[in-house]
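I'd like to ask some things about the structure below.
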Amino acid sequence: MTALTLSTAAAPGLRADAIVIGVAKGAKGPVVAPGAEAVDKAYDGRLAGVLETLGASGAEGEVTKLPAPSGFKAPLVVAVGLGAEPEKDSAFGAEALRKAAGAAARALAGSKKAAFALPIGDAGDTGAVAEGALLGAYSFDTYKDNGNSGKAKNGKAPLAEVALLGGKPRDKAYKAAVQRATAVAEELNRARDLINTPPNDLNPQSFAALAQTAAKEHGLKVQVLDEKALEKGGYGGILGVGAGSQAAPRLVKLSYTHSKSAKHLAFVGKGITYDSGGISLKPAGHNETMKCDMSGAAAVFAAVVAAARLGLEVNVTGWLALAENMPSGSATRPGDVLRMYSGKTVEVLNTDAEGRLVLADALWAASQEKPDAIVDVATLTGAMVLALGHRTFGIMANDDAFRSALHEAAEEVGEPAWPMPLPEHLRKGMDSPTADIANMGERMGGGLVAGLFLREFVGEGITWAHLDIAGPAFNEGGPFGYTPKGGTGSAVRTLVRVAELTASGDLG
Ligand code: BES
Ligand code: MN
Ligand code: ZN
């Protein structure tokens, strides 16, 4: 991964492949952002004009390359757009900094070292630039050039080194901000790797094995229920979904504990390593990216490891509900009734509504420990993509205050999210003549119906929220800001923030 350091060096004397500066959109054209004074001076104070001549406007995500002024050791200046210039006496927002740093890092793929001279006024800004740069530099090359060279044949190796100019390497707060950004970005990028890994290589067993390795490395407790243990425990939902696959399902429990804390959060992730739809097979056009259906479990996994690396004063249990949804002679049929871990029976009307079945068992398992709150994360419904698009996830909850707190946490870390309701009248659409409930209801409002189904498997009195990340989990379009093509790592940063806020007593 990209290495990141704080540096007090002055831009002109710095040996690097490029100097990154910020340019904002001012009322009368591009404006050079603070941090780039030395570069502007070397251009005789005419840098804004030079940028305008080159067509730069300062718009978000815009990248303009120009030769460095004479006397600079670095040959190249990369001016990255920060969007609208802030009002007088206010600074650039954290998300503008993250996005700009991400776009710059991506534009510098193939380079060894870049110095970032972006406007960082405090430790928080430093963390934002660090996070953006580390996330933006990400690329997934494992399956190019056999993954042997560390360098993709068809692409460029990620930017290897970033020096943040203007950072204070001896200041505790700055150091902590870089440490936090590094831990979060590294784990988030690992989640992206998992999501991007093709389903012939990532199945429930191999995912569980990775969790065991990570647990050892980070001092977490890990428990893996294999198909025999699931059978013995009565996990009918997870077993039912995995029944059609050669790769048997798993339920992984990862626990991070802090001896000084009595607070307990549970994170539950949907981990369908491939969703073919099962017997209710998805048509071509709807299954090519369904390796991403374990994005919720990847997010939970990354967040628990990040919480451990940050030593947060809170106990966090991660539950990964892992199965592959495949059609075969042993697969669950539409019409089958499953007896779930909670004891409830479910009539499976559509085997493509599998996420809620594995989550139901994991939610009930998580509930048995009576945590203070449960947050589940899932690529659950196409309906949520229709409702909110590809960049925003939906938040449902059995508690209004908790839903609002999650929404706030998401916005704070730069993850667009929106509250969604759980309308009681949609529950009766899931009434089954045969079982306690069906796994499908009304088509309209399908994301909310799924949320109502999950709610039935949350233990009495436990605060719970559900994040439907089906939209933002996987980016089929071009990269933007610090978001790459493919797996995005959606919800990781929101979960980490929720853990931090719980640790500091600012949530729940
Ligand atoms: N994994 C899908 C949801 C999905 C769709 C994720 C698009 C990412 C992008 C989920 O398992 C599914 O198939 N849901 C069905 C439920 C329906 C059968 C009730 C859906 O949304 O169509
Ligand atoms: Mn499905
Ligand atoms: Zn699915």
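For all residues, glycine too, the Cβ spot is worked out from N, Cα and C.
Nobody curates TrEMBL annotations by hand; they come from automatic prediction.
Not measured: the values here are computed from a predicted model.
From TrEMBL, here are the annotated features:
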BINDING   LYS270, ASP275, ASP293, GLU354  Mn(2+) 2 binding site
BINDING   ASP275, ASP352, GLU354  Mn(2+) 1 binding site
ACT_SITE  LYS282  active site
DOMAIN    350-357  domain 'Cytosol aminopeptidase'
ACT_SITE  ARG356  active site
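Walk me through where these features lie, including what they touch and how far apart they are.
In this structure, ASP293 (Mn(2+) 2 binding site) is part of a helix by DSSP.
ASP275 (Mn(2+) 2 binding site) falls within a strand when secondary structure is assigned with DSSP.
DSSP classifies LYS282 (active site) as coil under the three-state reduction.
Summarising model confidence by region, the domain 'Cytosol aminopeptidase' (350-357) averages a pLDDT of 98.
In the three-state DSSP classification, ARG356 (active site) falls within a helix. Contacts of ARG356 (active site) defined by a Cβ separation under 8 A and a same-chain sequence distance of 6+ are given as LEU380, ASN439, ALA450, PHE453, LEU454, in order along the sequence.
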Using a Cβ cut-off of under 6 Å to any atom of ligand 1, determine which of the recorded positions LYS270, ASP275, LYS282, ASP293, ASP352, ARG356 qualify.
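Close enough to ligand 1 are ASP275, ASP293, ASP352.
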Are any of the recorded positions ASP275, ASP352, ARG356 near ligand 3, with a Cβ under 6 Å from it, and if so which?
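If the test is a Cβ under 6 Å from any atom of ligand 3, the answer is ASP275.
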Have a look around LYS282 (active site) and count the other CB atoms within 10 A of its CB, chains all included.
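There are 15 of them.
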If you check the recorded positions ASP275, LYS282, ASP352 one by one, which have a CB less than 6 Å away from any atom of ligand 2?
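Going through ASP275, LYS282, ASP352 in sequence order, those close to ligand 2 turn out to be ASP275, ASP352.
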Find, for the listed binding-site residues ASP293, ASP352, GLU354, the residue with the lowest Cβ contact count at a 10 Å cut-off, counting only other Cβ atoms.
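Checked ASP293, ASP352, GLU354; of these binding-site residues, fewest Cβ neighbours within 10 Å: ASP352.
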